[in-house]
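Asker: My questions will all concern the structure given below.
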């Protein structure tokens with residue numbers, strides 16, 4: 001399951017209740033985001049030990065600014081609320097699963 005993040009408060013609650021969180025920062029107009037989104041969802045269905053979330057940067061500009069998102073798609077892995085890995089551009093399901101399994 002992929003959770004759509006709609007506020008900084010919701011994001012904080014997600015961090016508080018999950019050890020590992022991976023977030024796909026995306027936008028409707030972003031071509032590579034349209035390819036990455038389904039891959040991200042497939043990875044989420046395979047890995048139950050990590051919280052998967054998406055942030056639409058056009059709707060949640062405060063979150064995008066807080067995490068300095070300047071390119072799309074950007075996938076960020078957090079452990080205990082701290083950024084551990086950041087990847088920019090298309091990422092296939094296998095790479096996402098590999099990343100969260102480390």
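Any Cβ shown, glycine's included, is placed from N, Cα and C.
Annotations for this protein, taken from Swiss-Prot, read as follows:
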{"type": "DOMAIN", "residues": "2-102", "note": "domain 'Thioredoxin'"}
{"type": "DISULFID", "residues": "30-33", "note": "disulfide bond"}
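Let's see these features in context: how buried, what's close, how far.
Answerer: Neighbours of residue 33 (disulfide bond), defined as other CB atoms within 10 A of its CB across all chains, total 22. Secondary structure at residue 33 (disulfide bond), as computed by DSSP, is helix.
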Asker: Tell me which residues of the chain lie with their Cβ under 8 angstroms from that of residue 30 (disulfide bond), as long as they are six or more apart in sequence?
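Answerer: Set apart from residue 30 (disulfide bond) by at least 6 residues yet with Cβ under 8 Å, we have 72, 73.
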Asker: Tell me the residue counts in helix, strand and coil for the domain 'Thioredoxin' (2-102), as DSSP assigns them.
Answerer: 41 helix, 29 strand, 31 coil
